[in-house]
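First up is the structure itself, then whatever we jot down about it.
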Amino acid sequence: MRPDDPKLKKLEPPRLTFGDRMYLPQIAAGLLLTAKHMAGVAFGNKAITVQYPEEQHVPSPNYRGVHRLNKDDQGRVKCVACMLCATACPAHCIDIVGTTAPDTWPDREKYPASFVIDELRCIYCGMCEEACPVDAIELTGLYDLTGLTREQMIFDKTKLLSVYDATRDAEPMRYTAPPPKTAATEALPSPIS
Amino acid sequence: MPWELIGTLVKILLVVNIAMGVVAYLIYIERKVAAYAQDRIGPNRAGSPIVPFGLLQPIADGAKMLLKEDVIPGYVSRPVYILAPLIAIVAAIIGFAVVPFGPVGPDQWMNFQIAPNVNIGILYVFAVGSLAVYGVILAGWASNNKYAFLGGLRSSAQLISYEIPLGMSILGMVLIAGSMDLSTIINWQSRHTWGIVVQPLGFLLFLVSGFAETNRLPFDLPESEQELVGGFHTEYSAMKFGMFFLGEYLHVITVSYLIAILFLGGWHIPFLTSPEQTWWPTSLLKMVILMSKVMAMILIIMWVRWTLPRFRYDQLMDLAWKSMIPLSIVNLVATSGIVQLIYSAS
Ligand code: SF4
Ligand code: SF4
């Protein structure tokens, strides 16, 4: 497009009026606005924040939090150690050591002997989740991820599988059928509504 | 004489301790004001059933400041590095020596002022107030870090620039009252009218340059940590950083006092108080009035902070040199002309 193209639309910022250029009326208007907000919180109970430990924030269903490694219906890790997630990961924070699957697992050739995610390097982009051909890795809605040391934030296979156990009922696997609801899980209040 | 000395020592102790306690709670109030302006609730955790609303927050803050690791980087020039926050806080505190917290007079058994009847009161406040620049520039220099150094230069340029309109804007009031003694100026106002009525432009100029002097928004470039890679205190941590912070809050209190005393009538409320009342309950009442005015002023300063955006540095300098200094000169010349006319007429 040439600079003198007639289709080109030129936008001009609105001209400041004399009052605007004197600053003071605008300053007064701004002060009035914050005063309204202050009065709203002080007298009208209009605060919009969540009081965290008492009220839990419920993230949207496609929120990307801590990872989990899904288990199949026999309780084995679903992952087939194909390395697609580790390849897709832009932060290079997935480390997988694959090994030949035992003979009793006829459905696959390999499984991860070790599966480590550095949750501190992860940027929670969800590429691993996208890449996985068997929906073994998923990002859950857990957001209160803390640790006292850096080592605690490096999640190994056991820990990732335990995240699955912790979130299985609240968040069914996204692309496969949810686990059958039992009376016990039915009674639990679901954090995801 | 020894009684006067003991009294002065007691007053110094009281003022310094109360000022520190007040500053701690001002930080709490500021956080509350910030929260309310942004539709939040603000600090409400550090409390107990007896002390609601998180009123123990300042104590928690103070404990945190003291217990935090105090990092002194290896490359700083140590003596100056340690001296700088001390200068900042001492320069802020000694200004309180001449602030009249309540009525002062030779015939009263109790003077609400550490150094009563200093006839150059304002000059003294300004002189020690400008010492704060040393804290800023020494901190930037001693940090031995180019960002801190640039921050220090930037802040000292700002402080020095705004000292000019700050000083000139009060001269009108000094001319009208005919004295530099703060209590005389208050007494003039209670006999005639408040300073804001006779010196509206002076009030506005003093207010704006007061904001700049105390590094409050919209002039808080010295402390914009995220946007300008910090200011002069980038290398400071724990209580040393806290001392800069306390120093700045003490400046806020001083500026609010000066505004209340010079332009809002000090402890005077029309038809309620007069300079002749010297009975001690009225003195106490006057002190309460002055304190409320100061508190209102501090709240306004906080309110402005959470409303206005920050100035860009060239705008900041433009405002000082191209608008405020000429305006303050105009104000001064006009006032002196009028005062001269009135005095020669009477
Ligand atoms: S979410 Fe993104 S960064 Fe994190 S492990 Fe998965 S692919 Fe890597
Ligand atoms: S989690 Fe999925 S993508 Fe990653 S190695 Fe296992 S099967 Fe492959």
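Cβ atoms here come from the backbone N, Cα and C positions, even for glycine.
What TrEMBL says about this protein:
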TRANSMEM  B:6-28  transmembrane segment
TRANSMEM  B:80-102  transmembrane segment
TRANSMEM  B:122-143  transmembrane segment
TRANSMEM  B:164-186  transmembrane segment
TRANSMEM  B:192-212  transmembrane segment
TRANSMEM  B:249-272  transmembrane segment
TRANSMEM  B:284-304  transmembrane segment
TRANSMEM  B:325-343  transmembrane segment
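Taking residue pairs at least 6 apart in sequence, the transmembrane segment (B:192-212) and the transmembrane segment (B:80-102) share fewer than three C-beta contacts under 8 angstroms.
Of the candidate ranges B:6-28, B:122-143, B:249-272, B:325-343, B:325-343 contributes the most Cβ pairs within a distance under 8 Å of the transmembrane segment (B:164-186). As a quick check, the transmembrane segment (B:6-28) and the transmembrane segment (B:192-212) miss the bar of 3 or more Cβ pairs under 8 A, pairs 6 or more apart, so the two do not touch. Sequence-distant contacts of the transmembrane segment (B:325-343) (same chain, at least 6 residues past either end, Cβ-Cβ under 8 Å): 164-165, 168-169, 171-172, 175-176, 199, 201-202, 205. Remote same-chain residues near the transmembrane segment (B:284-304) are listed as 26, 29-30, 33-34, 37, 100-103, 112, 211, 214, 216-218, 252-253, 255-257, 259-261, 264-269, 273, 277 (criterion: CB distance under 8 Å, separation of at least six residues from the stretch ends). Tertiary proximity for the transmembrane segment (B:192-212) is limited to same-chain residues at least six positions away from its ends with a CB under 8 Å from its CB atoms, namely 158-159, 161-163, 165-166, 168-170, 172-173, 176, 185, 218-219, 255, 258-259, 262-265, 268, 301, 304, 316, 319-320, 324, 327-328, 330-331, 335.
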